[in-house]
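Colleague: Can you read through this structure? Questions will come right after.
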Ligand SMILES: *Cc1c(COP(=O)(O)O)cnc(C)c1O
């Protein structure tokens, strides 16, 4: 039957707008939608032959030849409408109105999908819940979500997102939420305020018929919420909550301790909290989202006991993103964890750290977004148009169809065809961001692009590093600058990557040991000032052309740099090193009068800073000596300053002194080992996060009988029958021979296993007799898990500094962001 004008009444259970996603043709109604580049009407005939029996088509596209054919189709209903999407919205509205269940509507700028999922997790034990799939929150996604309501459902949770004016009223008619949650709204300032306020007002249209609305009280948005709601829906109860203002409907108290938090919720005028729970979430943004959900769950009648259990099921969302060395001087950012627009928004700013490299983006189709193809790819193109991306590689058929939205794009049907094309071999000196949905097997591309090395790897957690740096910023205050010590490949962690992070965090100075280390940084986009501790006279040219500033520690260097600068007619920045007791490099106290005398005659040398180094700041036993060093330095540097007539920066504190000798902070501190979370100080030990983890894997497992021996020299002996694992790390990787014969330990599957026999060059053996669960390929953690770097160094009879810098260059460095 063809219905030209009648109201649509569907028999089918399922609705589809995508001809490729029809799994039960006989029970699916197909809505033909015209997009900019493809037209669903094209598929109507073939879908009929596949068994689809209900169609919604648009008048304007219902051409005569198709209409003619359709006359002979049996048992088929075809509704001819003006606009398929509007029809879809209308039937979703009618469907919704047939149910009486409580419905929660969620909107806001950030956190809609997270709130929807978390509220579902909190309530699913008590209710049969229907919710938006994925982040279906658009003009099409919402009706499809609501169409899923069935008679057995007892609670609906739907999210709504809008990109244009007037869209929300339509979504409101479809969701018709009794409860509302307004998630995080960015705080608008200044001239953006008017337009942001208007957008917020538009979003609030979702709650025109709601009975209760939950929102967090903030200075800018709350007046707009109150004003709009009073105008649109004055009877709605406004449930504003705050963590600072006890006069709001609900006062929320939360406290983050390490990797968990505690939350309490109390109503105004009540003395006891109505919710008090522990959670594994431990960042502000997550706790904000969780608070919305807990309050909503309470309004739905859930008890504190029910919530206490349910909240444990909510785990922090991790965005694990790996930065890897690639072949042909490429750098890879492997971010295959998520594949949606928000994830792309988060990942794109990473390009900024690599200004010197060509930018390449490899993306797959964005699947299951709930946004229609045209809009989706236009949005993606919008996001990247200003990124100055040299080349985009698109994998998948959707992106192939929509390639006209992008510049500099090549598309391939699959990861395999891209690899086989050989085009990947033309990528060099680039920073390559890979974002692909799981089914596109991007690991194959990563594999083809990644430098293959020995499989033992040093993981460097950049978030932890950032955390530690912020900790020091807070500790020392903003009037003292920080110099990041990135000498010796940043203590083995990789100078370029570490310098980039420090630079992005606004560190004021960097220090290397040799000029070449500085050149490497300059060639990789580091523009932060760099001090060189061991300048060579022959390298003054190199240093000035790369803006590297020498540390001058004796009279011959001073004379040489003076001569160089006069000959070249250049002004040069230098750093003056004083020896206050370390007895290593630096002018002695007795040199100071002569030093001042000479400096005064070298006006082309600009003394940027004066420094000295402490010999034992980590050891309280040498407190008096250290204090004397500090006092001497203050006096001498002051005298030089006075003589110069300007104030160079003064610095003497290394990591240990930052905590132990606050009076030594002066103008700048030199932060080294504690950036990596290593400290002897108990306060810092709890405040800092571990940055480095060294990991290897099990190559083979063997049973060893009583009396048999293990390894070179037959030193490893078993007194009973036992089992060993051979691991892929040896002294050539930096795993010291001192750690053989049970001195060293590895963490394997959570158990601590001692070494047995001598450490070999590329391998070593561990006793795993007590482990029942172990197999080849399992990870073995050298340090960074249960075994801390400090304990590991101690077992090898050395200090963390030496262990870190001895991890050999064949050990792959992997940079991780959680
Ligand atoms: C290496 C070094 C530092 C940093 O020492 P940490 O103990 O790692 O903080 C500071 N100053 C100088 C001169 C150094 O050589």
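Glycine too: its Cβ is placed from the backbone N, Cα and C atoms.
These came from TrEMBL, pasted as-is:
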- 487: active site, proton acceptor (ACT_SITE)
- 487: N6-(pyridoxal phosphate)lysine (MOD_RES)
- 584, 761: substrate binding site (BINDING)
- 691-816: domain 'Alanine racemase C-terminal' (DOMAIN)
- 712: active site, proton acceptor (ACT_SITE)
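Show me how these features fit into the structure around them.
Modeller: Note: residue 487 (active site, proton acceptor) has non-local neighbours 511, 512, 513, 517, 533, i.e. same-chain residues 6+ apart with C-beta under 8 A of its own C-beta.
In the three-state DSSP classification, residue 487 (active site, proton acceptor) falls within a helix.
Cβ neighbours of residue 761 (substrate binding site) (same chain, under 8 Å, six or more residues apart in sequence): 730, 731, 732. Mapped onto three states, the DSSP output places residue 761 (substrate binding site) in coil.
The C-beta environment of residue 712 (active site, proton acceptor), restricted to residues of the same chain at least 6 apart in sequence and closer than 8 Å, consists of 757, 758, 760.
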Colleague: Determine the Cβ neighbour count for residue 584 (substrate binding site): the number of other Cβ atoms within 10 Å of its Cβ.
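Modeller: Counting Cβ neighbours of residue 584 (substrate binding site) within 10 Å gives 10.
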Colleague: Any idea what the model's mean pLDDT is for the domain 'Alanine racemase C-terminal' (691-816)?
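Modeller: Averaged over the domain 'Alanine racemase C-terminal' (691-816), the predicted model reaches a pLDDT of 94.
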Colleague: Using DSSP, what's the helix, strand and coil tally for the domain 'Alanine racemase C-terminal' (691-816)?
Modeller: 22 helix, 46 strand, 58 coil
